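Colleague: Quick one: this structure, given as structure tokens, is what I'll be asking you about.
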Amino acid sequence: MRTAYRVETVRRAERELMARVPEGALMQRAAAGLAAACADLLGRVYGRRVVLLVGSGDNGGDALYAGARLARRGAGVTAVLLAPERTHAGGLAALRRAGGHTVAPAGAEAVVRRADLVLDGIVGIGGKGGLRPDAASLAAIVAEARAAVVAVDLPSGVDADTGEVHGSAIRADLTVTFGTHKPGLLVDPAREYAGSVRLVDIGLGGELPAEPELAALQHADVAALLPVPGGESDKYRRGVVGIAAGSARYPGAAVLAVAGALRGGAGAVRYVGPAGDAVVARFPETLVSDQGPRQAGRVQAWVVGPGAGEDAQTVAEVLAAEVPVLIDADGLRLADADAVRGRTAPTLMTPHAGEAAALLGVAREEVEGARLRSARELAARYRATVLLKGSTTLVADAGGAGVVRVNATGTAWLATAGSGDVLSGLAGSLLAAGLSALDAGSVGAYLHGLAGRFAADGAPVGAHDVAAAVAGAWRDVRR
Ligand SMILES: NC(=O)C1=CN([C@@H]2O[C@H](COP(=O)(O)OP(=O)(O)OC[C@H]3O[C@@H](n4cnc5c(N)ncnc54)[C@H](OP(=O)(O)O)[C@@H]3O)[C@@H](O)[C@H]2O)[C@@H](O)CC1
Ligand SMILES: [K+]
């Protein structure tokens, strides 16, 4: 499990650890890891031109000590000091001893233009709000440069706790972060500014609490959660998932949701709705019912909404069922909020940013800019588990508090028509197989993302290709 902690938690853990190690030891560990990452990126250190952007806090101190290490290995290192009188004294002395130089911000453009590598030590976890004007002009200069950019701990200007970006921020190729990931490194839009992320162990692990702010499942975590049939299993014990989806206008949504559901671990898929012929033509193993959800026979979980059009009656019937329910697409619009809040069995809502915005009564951009806050807010309002889809997929558990899962497997190729229908079937099938809403949502997103990668392999794909690739993703996870 990859985990991320909020700044106040990181600060508390650092205080505990600092009390037990020699003064300055943590910064030296950070600087050593940072310098090593820079050396890896450069390939050869000797003769390279390195520019440090140095703010007034310890983030600048890290950059200066790392710069000193690179200077000792033969790099030409120049530090741009944003606040010369408040620069980290020990770091500055170390850089000077190693033969490094300093310039004022007015000299930044000339040195950055010629640099091979820029280290962004303007601000780290002590940052508040978007970059101030002097720092923002440096960010603009860096954006024009050909140099590789390494962010120290965080790209300056992004919000460490939320992943929000207010104003300008440094765009890095690599972020070297210390002790633990910060939520902003895993959630868009900030994640995009971070580039790839390398975690340097400074010994903080033992001081961090059990519950992080964010957690990203890895292969082993997913493998442990996947439902696997035992010797005594039959189709009913493995769980039956009901799919109430599709309409005369959108029969394809039903086919795709069933396609996802067949790959999600339930023992059988029951379909109700007007697209039964299309579903059976493609997937003859589906149990098709021409009754509404109430009369359709037992299921262990329902999926309602993909391509549902205006069928509010079906949505209401499904919400009244005392089994877990996944609500997607049109179902989100048609569901009565009080009916969702009043449910006793788990509910998993799977909106994309536009749908989440409509439910929250805000603009889509607001959700995209504040994904973590939006997912928690929806989960609190509806007392439902919320899987917010998009460039970063998040799953917040019912009520909105507690750890939020972030999915790291997605690919931009998944932004294709019908892809969400496959995910809803897949996650609904995992619900029917007995996973909690949080696990079904995050395992579903993980497999779906991986399947998208396998199916796409660098080229456009259709949603049916993604569904077909889920089995391969499943095998890859269990391997
Ligand atoms: N603690 C530890 O054990 C370890 C910590 N480590 C390192 O320390 C870092 C935290 O250091 P920190 O606490 O000194 O804060 P930091 O991020 O340098 O920023 C504060 C300065 O930024 C300024 N500033 C604020 N907002 C701004 C803005 N929007 N735009 C521009 N400037 C802004 C603010 O100015 P002020 O408000 O004071 O005028 C203040 O001077 C952490 O990220 C990691 O790199 C590692 O060495 C490992 C061990
Ligand atoms: K930084």
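The backbone N, Cα and C atoms fix where each Cβ goes, glycine too.
Got these off TrEMBL a minute ago, pasting:
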type    : residues                                               : note
DOMAIN  : 10-210                                                 : domain 'YjeF N-terminal'
BINDING : 58-62, 124-130, ASP153, ALA253, GLY307, HIS352, ASP421 : (6S)-NADPHX binding site
BINDING : ASN59, ASP120, SER156                                  : K(+) binding site
DOMAIN  : 218-477                                                : domain 'YjeF C-terminal'
BINDING : LYS389, GLY390, SER391, THR392, THR393, GLY420         : AMP binding site
Colleague: As a check: which entries in ASP120, LYS128, SER156, THR393, the binding-site residues, place their Cβ less than 6 Å from an atom of ligand 2?
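Modeller: The binding-site residues passing the 6 Å Cβ test are ASP120, SER156.
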Colleague: Quick test of your reading of the structure: among the binding-site residues ASP120, ILE125, GLY420, whose CB sits under 6 A from ligand 1?
Modeller: ILE125
Colleague: May I ask for the distance between SER156 (K(+) binding site) and GLY420 (AMP binding site), taken between their Cα atoms and rounded to an integer number of Å?
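Modeller: Pair distance, Cα basis, whole Å: 34 Å.
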Colleague: List nothing but the one residue from GLY61, GLY390 whose Cβ has the fewest other Cβ atoms within 10 Å; the candidates are the binding-site residues.
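Modeller: Comparing Cβ neighbour counts within 10 Å for the binding-site residues GLY61, GLY390 gives GLY390.
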Colleague: Given the binding-site residues ILE125, ASP153, SER391, THR392, THR393, which lie close to ASN59 (K(+) binding site), meaning Cα to Cα within 10 A?
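Modeller: Within 10 Å of ASN59 (K(+) binding site): ILE125, ASP153.
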Colleague: For the binding-site residues HIS352, LYS389, which Cβ has the most other Cβ atoms within 10 Å, all shown protein chains included?
Modeller: LYS389
Colleague: Please give me the binding-site residues out of ASP58, LYS128, ASP153, HIS352 that lie within 10 Å of LYS389 (AMP binding site), comparing Cα atoms only.
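Modeller: If one measures from the Cα of LYS389 (AMP binding site), the binding-site residues that come within 10 Å are HIS352.
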Colleague: Quick one: Cα separation, LYS128 ((6S)-NADPHX binding site) versus SER391 (AMP binding site), in Å?
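Modeller: Computed Cα spacing between LYS128 ((6S)-NADPHX binding site) and SER391 (AMP binding site) is 25 Å.
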Colleague: For GLY420 (AMP binding site), which of the listed binding-site residues (GLY61, ASP120, ILE125, ASP153, HIS352) have their CA atom within 10 A of its CA?
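Modeller: So far as Cα distances go, the binding-site residues lying within 10 Å of GLY420 (AMP binding site) are HIS352.
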Colleague: I'm trying to understand the geometry here, so how far is the Cα atom of ASP120 (K(+) binding site) from the Cα atom of GLY390 (AMP binding site), in Å to the nearest whole number?
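Modeller: About 28 Å separates the two Cα atoms.
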Colleague: Could you tell me which of these binding-site residues, ASP58, ASP120, ASP153, has the fewest other Cβ atoms within 10 Å of its Cβ?
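Modeller: The binding-site residues ASP58, ASP120, ASP153 were compared, and ASP58 has the fewest Cβ atoms within 10 Å.
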